[in-house]
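Asker: First the structure, which I've put down as structure tokens, then a few questions once you've had a look.
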Amino acid sequence: MGQTLTTPLSLTLTHFSDVRARAHNLSVGVRKGRWQTFCSSEWPTLHVGWPRDGTFDLSVILQVKTKVMDPGPHGHPDQVAYIITWEDLVRNPPPWVKPFLHTPSTSKSTLLALEVPKNRTLDPPKPVLPDESQQDLLFQDPLPHPPHNPLLEPPPYNSPSPPVLSPVSPTTPSAPTPSSLVSSSTPPSSPAPPELTPRTPPQTPRLRLRRAEGQDGPSTWQSSLFPLRTVNRTIQYWPFSASDLYNWKTHNPSFSQDPQALTSLIESILLTHQPTWDDCQQLLQVLLTTEERQRVLLEARKNVPGPGGLPTQLPNEIDEGFPLTRPDWDYETAPGRESLRIYRQALLAGLKGAGKRPTNLAKVRTITQGKDESPAAFMERLLEGFRMYTPFDPEAPEHKATVAMSFIDQAALDIKGKLQRLDGIQTHGLQELVREAEKVYNKRETPEEREARLIKEQEEREDRRDRKRDKHLTKILAAVVTEKRAGKSGETRRRPKVDKDQCAYCKERGHWIKDCPKRPRDQKKPAPVLTLGEDSEQGCQGSGAPPEPRLTLSVGGHPTTFLVDTGAQHSVLTKANGPLSSRTSWVQGATGRKMHKWTNRRTVNLGQGMVTHSFLVVPECPYPLLGRDLLTKLGAQIHFSEAGAQVLDRDGQPIQILTVSLQDEHRLFDIPVTTSLPDVWLQDFPQAWAETGGLGRAKCQAPIIIDLKPTAVPVSIKQYPMSLEAHMGIRQHIIKFLELGVLRPCRSPWNTPLLPVKKPGTQDYRPVQDLREINKRTVDIHPTVPNPYNLLSTLKPDYSWYTVLDLKDAFFCLPLAPQSQELFAFEWKDPERGISGQLTWTRLPQGFKNSPTLFDEALHRDLTDFRTQHPEVTLLQYVDDLLLAAPTKKACTQGTRHLLQELGEKGYRASAKKAQICQTKVTYLGYILSEGKRWLTPGRIETVARIPPPRNPREVREFLGTAGFCRLWIPGFAELAAPLYALTKESTPFTWQTEHQLAFEALKKALLSAPALGLPDTSKPFTLFLDERQGIAKGVLTQKLGPWKRPVAYLSKKLDPVAAGWPPCLRIMAATAMLVKDSAKLTLGQPLTVITPHTLEAIVRQPPDRWITNARLTHYQALLLDTDRVQFGPPVTLNPATLLPVPENQPSPHDCRQVLAETHGTREDLKDQELPDADHTWYTDGSSYLDSGTRRAGAAVVDGHNTIWAQSLPPGTSAQKAELIALTKALELSKGKKANIYTDSRYAFATAHTHGSIYERRGLLTSEGKEIKNKAEIIALLKALFLPQEVAIIHCPGHQKGQDPVAVGNRQADRVARQAAMAEVLTLATEPDNTSHITIEHTYTSEDQEEARAIGATENKDTRNWEKEGKIVLPQKEALAMIQQMHAWTHLGNRKLKLLIEKTDFLIPRASTLIEQVTSACKVCQQVNAGATRVPAGKRTRGNRPGVYWEIDFTEVKPHYAGYKYLLVFVDTFSGWVEAFPTRQETAHIVAKKILEEIFPRFGLPKVIGSDNGPAFVSQVSQGLARILGINWKLHCAYRPQSSGQVERMNRTIKETLTKLTLETGLKDWRRLLSLALLRARNTPNRFGLTPYEILYGGPPPLSTLLNSFSPSNSKTDLQARLKGLQAVQAQIWAPLAELYRPGHSQTSHPFQVGDSVYVRRHRSQGLEPRWKGPYIVLLTTPTAIKVDGIATWIHASHAKAAPGTPGPTSSGTWRLRRSEDPLKIRLSRT
């Protein structure tokens, strides 16, 4: 029988309709919300024992009623209706309340289970009734009470210990009867049961119903409230039912989501149900996961109380108090019940301990008050957050201040402002804060009030606008009427005066004008032409004929002339002329936004046909409009010609003769949706296709909640500018999504930009949202999307019928939770639809990083039933791409039908355009599948084939990535692409050479001939043929198809640097391990046979120990010696892998063990034992130690008695490096001799014998591809090994005692090396007496000898060297090498390097020339040194008269005043006249405004304007204005202020003058002083003695007249004389100035030519970046600037310098200029 939790409150809420009816009968009204609030919140606070879940105890109800109806100030009149209704439910209980009421024991019958007769055996338990039966029993009339049975007494609620009851004596004692559920011995009498309603229960107990069979009557139902209790010292036990466990599991959050809620639930279960140890285990098993259960048990064992009540640490006490295995507790005894109580106590402590999460205050700060959330609910949610994410109790007094501050800071804005203004906020408790917040919350306006307020404000704004407009119209009308009246009066403005008895018409006396017989009676006054606002029908809006093009139609029988307006979406009438419909629309016009109504459908006569149409009524519209809606029905065409616009139909005829049917005949001409599917598929499954079923929505998926990272804060990025074409392109998609509900308006602190992406090959745009910032702030989930590389491996090759479905708008099928929708908001403005604000997605958006994984998992769950019900087909899913494969066409058809049915029922939609139904050849994931084989699509091959040669490392990586997708079809891909891998690094110079071009073309050629590969069949074994060449592993994965081996994949990979340095027989082992690991993605664990040209298995089992490390060997053996999966075939020299193209011939068969045994180091005759006939025996050693924080190092070579060589090494040299140096020096000194050399360094010994050759083979790289340590010393050692005639390098133990020669020599070498390390200068070598001094003999050419003689040097006959003054003259070749080495060490300049060479013992002829040659060729120095090209001063281009050529610039003036920061300065280059305007901003709008409003009206239209490259000058606004006006806007070279020298100098002059004036006057407003500064600038003489004022106006400067007294004659100069003076100025001043300003011949001031390599200055270098970047190739030149490849702007010649010549194609040949097909382009080529 199912167990349910029923309380009085939940019972009344379930039957609230009956409660409301009963209250109505009592003449009161109750509401459900208040009923629940009073019962659970208000009445428990009255302290009368009212439980939160309600009670049917009449005494408690009466106490609450007394409190509520208290006449004093503490009464609650609003709760009277509810408590009297509750009282009536108890006094007059309905059927659904009676089973829960206790009837006082007034009858002889008591509550007792019926006895089982002694002569009857106990029947088996009856079957448990379903929940429906239980509910039916609740509504039946109560059965007569059986005799009282003490088993049915409920336990107390406050403690799980045995109850202490106050028995009520029954009127009639019950007979003693044995119970069937307890022991046979029962006391003769039992007390009456207490009342069933507890006084203050912690939780209402679950209701249990059980049926027992009476002695002589039918079975009756009895209620038992608890499963485990003490009755006559016997325990009654009822286990948990499946329905209880299911309800607890389903209707409560998991422990990981909300540990507090689940802990409270388990706590209530432990208190009310009193479970046993087994019940607790079952409860934990159902409600917790395995990991959560382990944590709870671990925490519980930490809280087992000891004898003193504190947690114990003794294992025996812990095991006794909280056993992990089932204990043998006897619950009928007090110790057993006490043990169970301790167990429950520890278990509850463990739940609370395990539920504590790590402290994360950031999570608490994210809890903010919702828009419509009450303060009490928000406080409860905040307290729950503190309990969940912090270790302290938020209700503790010491933490209330923290909670209060969080409540205030994270509350809504209006509540937060109110609480922050409270006085003494620290003294307020949490309840007081909630109470204050409730006051603000309750004062908020309701949505209805807010809407009414907005409507009222809108009406007030419209009234104000109408009154203002009427006021203006009244003024206009008054002015017009006054003018008319004045015009009618003719010449006499006033009428003649008329006497009292005189006629105003005929001027005769005796009658008035109304009785005048001469006045015509029937003449009508002509209607005046009224103006706007006059009250006349002819003058009303819309009365006149509209302009062309117009069209007259009959609307509802009334002829109406329409203005054809293609910009109007709907047709408009100015008058209703009939009834209006209830339909309204908002209309956005020039005067604002108003709501207008629509007419009912009117009949429109088109001449020969009738249509019905509904018009929008807009009285403010000047004319009736014929909009696009009616034009679309008419199929109208508008043609514009010189005669005017014509409205014609499709055939070119006037629109009046067009007939349109009543049923909108235009729909017949619509192009139907074309699909490649038969109609039967669309008709049978309309809900499965996007074309017929619309947008889908997953029916079985809950809304998705997006989790944010703990530190995530909202990000708001403004919308990028968007072109009109792009905006209109994505507008249709936005409108569609709004109509479908995929988008909705919102207000969100989050905002990301929307990007319009043009679809390739079309003019359509699609909206793409930039969600990169959102992706950074959301929690990452593990991607479960399948790998397309091995997805098809699960497809059986014999399944040759396929169906491919592509789900349409797949991500939009999954809804987003409302709390996650605001994350994806973006800006959108659409004035036509009245949208200006933010929109957000209600479905899962595209571009979100977790969308593919979330959708893939959701679709996989929804298709689980299909996979299990149809095992005869295979269904592959890659996100929204589905592939169904079947062995026959019939099976494929049936599977497809079931799949479409399943998709339609689950709410997904497939694209009919892209569907491939029941075909033998389909395209899926870029592959073509047919007959169990796959190959690349032509489109993918063409994409790779069209890729041009790369120009930088990024493009090389892009090409390799695109081609790498097809590597399974390219035999030997890694070998073909090997030359290109070196160009992928950014650190290496990019040089595209012939070998790279050949590799690039070879990959394309191999792709064009890509073969078809078979699909892997996981039911068959695989064979892998392997070979290795030049560090490239190549393989062919095959499967048997009859007698043939069909290729499944071509594999190739490059070995790592370590394995590449091994001998060939070991490289094959590394190659095999790499390809076996890669092939596992396709074989999926099936048996694999490996066949190679080597005896691979023997090498893997017993490899040589000198080549490979133990870790790598263990990895190889674990991978290759797995006999269950990998088998080795016999060595085969010719196999598919060895037949792949290689650049060298095939090797002959060999024995791998013998080859490895014969593999030697660098020198074949190098010995590790003493030579018997050695010329000398030397001992080497290196020393390195710390001395006062400095590492000192030295090296030495000794012979046991004398020091052969010793030297101190630079500080910081390691001991290994010193050992290598010492051994290398000993080998160099043994050149041409037989030598025994001892060393105690294992590192030096192994490097010379073994490791050196390995390093050399793998390019001196480590396993990570980095350079090895001591690379230069190892190279020197490997070279020095070949200098002696014979040599033996012997290892000896270090620091040995004894007198044998080896120990003595080793100790001497160690002592001398240590002494050398302590020396600060070089210790020269001391040769023994019997050893001659070694002298280097230089080789001189005839040119070297001539130069030596020229400087006075002589030849030394002994050394055969040329010497002068004790210095050796170096040959030119050796001198050049020496200078290069010294410059590489120091990078000194010419002068410093020459001084350094002069201090050496060598003399170099022509040293200055060689030094200059070396320094100029150093690329590093050219990039870093500050030297630049010096160009001579030139002439700037100026105008030939004033106002023609202007220079313009912005300059900032500090301090700012009144928001004005900048000064826009114009300088006329001819006269020097200056105009300056203060501005607040530095924008292109200001520049265009000043040109149009200031320069153009006063000085005429400029021809040329020069400026720098500031944003205000290069913007589209400025450049567009110049293009429209025909102005040549010249942008000067970047970072070259000399190009704008005139305006730059004027900026300085103006600011200097302003500074002086501010100091003199004390004014801070520099704008008031600007006119004086301009006065000085305009009257300052130039180098020709003329002021700008004189050049412009032809008169003396106004400053000269200030010194003279005023004379009236000075201002009476004849105008003609002035004009003649201006003419003379133009002839005598303007012409000579123009001649002086002429630039003359344009001579090139720099040495750069087209095709040269130059470095370009980096103007803003950061950190340690070089000062110069490049080199670049010069494409174009001018006399002062150059244009280089790779930089868009022109570069001034002073910002470039020549790069040192490098050999290659750019160093020879000439450039030739050719024309191209495009007249705006030229072609450069080298010959």
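Cβ atoms are placed via backbone N, Cα and C, with glycine included.
Just so it is clear, the model here is predicted, and its values are computed rather than measured.
What Swiss-Prot records for this protein is below:
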ACT_SITE  Asp565  active site, protease
BINDING   Asp806, Asp880, Asp881  Mg(2+) 1 binding site
BINDING   Asp1449, Asp1508  Mg(2+) 3 binding site
COMPBIAS  143-165  compositional bias 'Pro residues'
COMPBIAS  166-187  compositional bias 'Low complexity'
COMPBIAS  188-204  compositional bias 'Pro residues'
COMPBIAS  443-465  compositional bias 'Basic and acidic residues'
COMPBIAS  515-525  compositional bias 'Basic and acidic residues'
DOMAIN    736-929  domain 'Reverse transcriptase'
REGION    137-221  region 'Disordered'
REGION    302-322  region 'Disordered'
REGION    443-471  region 'Disordered'
REGION    515-547  region 'Disordered'
MOTIF     109-112  motif 'PTAP/PSAP motif'
MOTIF     128-132  motif 'LYPX(n)L motif'
ZN_FING   501-518  zinc finger
ZN_FING   1383-1421  zinc finger
Asker: Taking a Cβ cut-off under 8 Å, which residues six or more beyond the ends of the zinc finger (1383-1421) line up next to it in the same chain?
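Answerer: Same-chain contacts beyond the ends: 1344, 1347-1348, 1350-1351, 1353, 1364-1370, 1372, 1375-1376, 1666, 1699-1701.
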Asker: Could you give the mean pLDDT over the zinc finger (1383-1421), rounded to a whole number?
Answerer: 82
Asker: Going by DSSP assignments with H, G and I as helix and E and B as strand, what are the residue counts for the zinc finger (1383-1421)?
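Answerer: Split by secondary structure, the zinc finger (1383-1421) comes out as 27 helix, 2 strand, 10 coil.
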Asker: Using C-alpha atoms, which one of the recorded positions Asp565, Asp806, Asp880, Asp881 comes nearest to Asp1508 (Mg(2+) 3 binding site)?
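Answerer: With Cα distances computed to Asp1508 (Mg(2+) 3 binding site), the winner among Asp565, Asp806, Asp880, Asp881 is Asp565.
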Asker: For a quick check of packing: other C-beta atoms within 10 Å of the C-beta of Asp880 (Mg(2+) 1 binding site), how many?
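Answerer: Taking every protein chain into account, the count is 20.
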Asker: In whole Å, how far is Asp565 (active site, protease) from Asp881 (Mg(2+) 1 binding site) when you measure between their Cα atoms?
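Answerer: Asp565 (active site, protease) has its Cα 47 Å from the Cα of Asp881 (Mg(2+) 1 binding site).
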Asker: Just to verify a number: CA distance, Asp1449 (Mg(2+) 3 binding site) to Asp880 (Mg(2+) 1 binding site), in angstrom, no decimals.
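Answerer: Here the two Cα atoms lie 57 Å apart.
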Asker: Could you tell me the C-alpha distance between Asp880 (Mg(2+) 1 binding site) and the residue listed as 'active site, protease' in angstrom, no decimals?
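Answerer: About 45 Å separate the Cα atoms of these two residues.
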Asker: Could you give the number of helix, strand and coil residues in the region 'Disordered' (302-322) as assigned by DSSP?
Answerer: 7 helix, 2 strand, 12 coil
Asker: Under DSSP, the compositional bias 'Basic and acidic residues' (443-465) has how many residues in helix, strand and coil?
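Answerer: Breakdown, helix to coil: 19 helix, 0 strand, 4 coil.
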Asker: Using a 10 Å cut-off, grab the number of neighbouring Cβ atoms around the Cβ of Asp881 (Mg(2+) 1 binding site), all chains included.
Answerer: 17
Asker: For the Mg(2+) 1 site (Asp806, Asp880, Asp881), what does the 8 A shell look like? I mean other same-chain residues with CB within 8 A of the CB centroid.
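Answerer: Everything else in range on the chain: Leu805, Leu807, Ala810, Tyr878, Val879, Leu882, Lys914.
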Asker: Taking DSSP as the reference, which of helix, strand or coil describes Asp880 (Mg(2+) 1 binding site)?
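Answerer: In the DSSP reduction, Asp880 (Mg(2+) 1 binding site) maps to coil.
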Asker: Measuring CB to CB from Asp806 (Mg(2+) 1 binding site), give everything in the same chain under 8 Å that is also at least six residues away in sequence.
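Answerer: The list for Asp806 (Mg(2+) 1 binding site) reads Asp880, Asp881, Leu882, Ala910, Ser911, Lys914, Ala915, given in order along the sequence.
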Asker: Which one, from the recorded positions Asp565, Asp1508, has the smallest tally of other C-beta atoms lying within 10 Å of its C-beta?
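Answerer: Among the recorded positions Asp565, Asp1508, the sparsest Cβ neighbourhood within 10 Å belongs to Asp565.
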Asker: Let's check the environment of Asp1449 (Mg(2+) 3 binding site): how many other CB atoms sit within 10 Å of its CB?
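Answerer: Neighbour count, Cβ to Cβ under the 10 Å cut-off: 23.
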Asker: Just give the helix, strand and coil counts over the zinc finger (501-518), going by DSSP.
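Answerer: Its residues divide into 3 helix, 2 strand, 13 coil.
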Asker: By the DSSP assignment reduced to helix, strand and coil, which category contains Asp565 (active site, protease)?
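Answerer: Its secondary structure by DSSP: coil.
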Asker: Under a three-state reading of DSSP, tell me whether Asp1449 (Mg(2+) 3 binding site) is helix, strand or coil.
Answerer: strand
Asker: Using DSSP and collapsing to three states, where does Asp806 (Mg(2+) 1 binding site) fall: helix, strand or coil?
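Answerer: Assignment for Asp806 (Mg(2+) 1 binding site) reads strand.
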